[in-house]
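K.L.:
Checked TrEMBL, it gives:
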ACT_SITE  B:D144  active site, proton acceptor
BINDING   B:G13  diphosphate binding site
BINDING   B:T142, B:V143, B:D144, B:M190, B:G191, B:R192, B:E247, B:Y297, B:L298, B:Q299, B:R300  substrate binding site
DOMAIN    B:9-324  domain 'Phosphofructokinase'
SITE      B:D115  site 'Important for catalytic activity and substrate specificity'
SITE      B:K141  site 'Important for catalytic activity'
2 protein chains.
Amino acid sequence: MPARNAFYAQSGGVTAVINTSAAGVIEAARDHPEAINTVYAGVNGILGALDEQLIDTGRESAESIAALRYTPGGAFGSARYKLKGLDENRAEYERLIEVFRAHDIGYFFYNGGGDSQDTAHKVSQLGEAMGYPITCIGVPKTVDNDLPGTDTCPGFGSVAKYIAVATREAGLDVASMAETSTRVFILETMGRHAGWIAAASALARDHEEAPPHVILLPEVALDEARFLERVRACVERIGYCVVVVSEGLRTADGRFVADQGTRDAFGHAQLGGVAPAIAAMVRERLGYKYHYAIADYLQRAARHIASATDVEQAHALGRAAVEFAVAGHNAVMPTIVRDADAPYRWHIGQVPLADVANREARMPAEYIDADNLFVTEAALRYLRPLIAGEDYPPYRDGLPEHVHLRAERVAPRCPPFRD
Amino acid sequence: MPARNAFYAQSGGVTAVINTSAAGVIEAARDHPEAINTVYAGVNGILGALDEQLIDTGRESAESIAALRYTPGGAFGSARYKLKGLDENRAEYERLIEVFRAHDIGYFFYNGGGDSQDTAHKVSQLGEAMGYPITCIGVPKTVDNDLPGTDTCPGFGSVAKYIAVATREAGLDVASMAETSTRVFILETMGRHAGWIAAASALARDHEEAPPHVILLPEVALDEARFLERVRACVERIGYCVVVVSEGLRTADGRFVADQGTRDAFGHAQLGGVAPAIAAMVRERLGYKYHYAIADYLQRAARHIASATDVEQAHALGRAAVEFAVAGHNAVMPTIVRDADAPYRWHIGQVPLADVANREARMPAEYIDADNLFVTEAALRYLRPLIAGEDYPPYRDGLPEHVHLRAERVAPRCPPFRD
């Protein structure tokens, strides 16, 4: 069978290590010239295929590809763009096949979360049906850690480490000032539906009374009275309280706590910000001085404090996607299989895309404390190895150095598809 | 002259490296047993003297003192507590002298900002007047970089590095998603009166169109129309815009932008948060999707990404305070004197406390761009060396290790002062 080209695309929210997976894919493809000619990367992910905007990664040096390992964000551009169902918008899938055919693309590597695995699955089905069989392999990625069938997802370990480090550092700050300043510090983390990121802050606790003291998860409705009582008791006992809260925290009636009816100067609903809502509660009901931080993109872009374990897994999964494809597998996603907690041992496995698509892995109930205000030792045992190890980027003039790719475009061969 | 004891206290907002200065003070004191017996550290800063809560640092191992270098926050506790003028509350100053006398304290090292240098100055004057001469030396500290008479203040270089790194990393994130997601990203930094921290984000810019694209400083009133036009032009040209804003930004009529009349669910003014106010402006007037981050304490506690230059200077200034005291200087503060920009060369100087007390060093006008929306090359030349070098803390289980001191208290010898 003659070698063919590959298409690689990044999808959804980017992470500190999605480019590390890209490096894994491209480097492994270069190791298999008998099967893969060139990896074309989509400009802005799957939009790059629809718009026939392809970057020829063959024009990048080995050094540049290796440097992707240290570069956060999406080096080729990512997109929040979910292809509809086959019945609703068959034209988009047909367009993908048209572009793939024009560039002799025989492999599709889709680096994303649940939606993206669903898309990769559909493309593999449609290609078959249209007489253009294409090998579709998912590469897992999501800071939310909510993909099923894998021990963890690349991107999560690094954001978990960032949040744990930030909690420990800011906790020391608050502790040292509490007597005359801030009593309650609130750190808002990402996580609309799953509390994995907020839960990881618990790793910061190195003794019984160390921060964080309360973790508010989206899996359980906020019991305001119980929460405030916990904060009050903590401040009375040790002088301060550190609260970590997931952006997706909800009230008992299912509303986001962040949507507290707050109005801005123009009278419009002020969106976002569960931290200020929690802070207002603390001030109104307890009267404590507070501060809050909203880490937002800083947490998922923080390559400077990435987990070495996460980086290693991101790279290995990128490589494995190519190895699986070359070995004849199709419509699968490589996964992390945990062999042991401590010391952490793992190997690469795989799941069918059909089993991953559109399913969400929530935190198990046994990871949440009985009072719903912290996580359990079982959660810590699961989380601990994921943040292990540092993998510092190179620095110049005090700042991390990131690669700037040549990003040369492949000449289009198809008519335009969208305006 | 027989050796006497020393009193060391941390004051005001803590930093990533105030404990590094503490290590410098304590280590230098141990090098001078002929002059200094023991360094007593105040529990919660100056309150520790008023309340006679003193920690005997002589009970700490050399390893523990050295590990202070890696530990953010205030290891002995700090306080936002400004002693009033001598005429208003002479009793507090007399109490200080009483406690100093009871513990044979001949040296007072006060590690803080402008207010603290003023206090150290007053104590030196009063001691003289009360027949209890005491050597008072200031040790500079403030993330705001607003102490006069020194090239920079310990704490600033590290927060500057944190903000520059965060801007570069988050900028890559936003750039890669802008086509289908966030167009405008806003990062709120500390800085009520001086824009040094926000200005430091400019160091992230490694090419003409790189983030940050706009910096809003407290030194200049917000020109909303000009600001929005700059954002619009930036998004139209490159697809996205990164804005860094100082918490102290003000409107033309002198109000804080953060106080936009926003009301929470209870109808109370929502305090803090210039970022959401700027975000609301962007949404209302330009209609762009936005995200914002509020780094808050994360920035000043971020020892994990401290500037090696800052760490070195913090330690050197702590040592110098002791060396000056032992050499017979009094009522002075050691300073950083810049000899050259690139390569950065500096040495330790000194200024009289009288010249530092209650004066604020603002950003010079020539550091702010003509359009008031960015900083100049002169500012970058000043800032660049201050973030140079990394000084990573040791890690265990994926998290930075911080020292937990024994913190043994000295037995009180005076009657209680406050309830």
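Here, residue 1 is simply the first one shown, and the rest follow in order.
Backbone N, Cα and C define each Cβ position, glycine as well.
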K.L.:
Looking only at B:K141, B:R300, which of these recorded positions has the biggest number of Cβ atoms within 10 Å around its Cβ?
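P.N.:
Most Cβ neighbours within 10 Å: B:K141.
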K.L.:
Among the recorded positions B:D115, B:T142, B:D144, B:E247, say which ones reach under 8 Å of chain A by Cβ distance, listed as they appear in sequence.
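P.N.:
From B:D115, B:T142, B:D144, B:E247, none lies near chain A.
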K.L.:
Tell me, roughly as an integer, the mean pLDDT over the domain 'Phosphofructokinase' (B:9-324).
P.N.:
94
K.L.:
Reported as an integer number of Å, what is the Cα distance between B:R300 (substrate binding site) and B:D144 (active site, proton acceptor)?
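P.N.:
So the Cα of B:D144 (active site, proton acceptor) lies 10 Å away from that of B:R300 (substrate binding site).
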K.L.:
Measuring Cα to Cα, how many angstrom lie between the residue listed as 'active site, proton acceptor' and B:G191 (substrate binding site)?
P.N.:
6
K.L.:
Of all the binding-site residues here, B:G13, B:G191, which one's CB has the most other CB atoms within 10 A?
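P.N.:
Of the binding-site residues B:G13, B:G191, the highest Cβ count within 10 Å belongs to B:G191.
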K.L.:
Could you measure between B:L298 (substrate binding site) and B:G13 (diphosphate binding site) for me? Cα positions, answer in whole angstrom.
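P.N.:
That comes out at 13 Å between the alpha carbons.
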K.L.:
When you measure from the Cβ of B:T142 (substrate binding site), which residues in the chain that are at least 6 apart have a Cβ under 8 Å away?
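P.N.:
Listed in sequence order: B:G12, B:G13, B:T15, B:G112, B:G113, B:G114, B:C153, B:G155, B:F156.
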K.L.:
Run through the Cβ atoms and count how many others sit within 10 Å of the one on B:L298 (substrate binding site).
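P.N.:
B:L298 (substrate binding site): 26 neighbouring Cβ atoms within 10 Å.
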K.L.:
Based on DSSP, name the secondary structure state of B:D115 (site 'Important for catalytic activity and substrate specificity'): helix, strand or coil.
P.N.:
helix
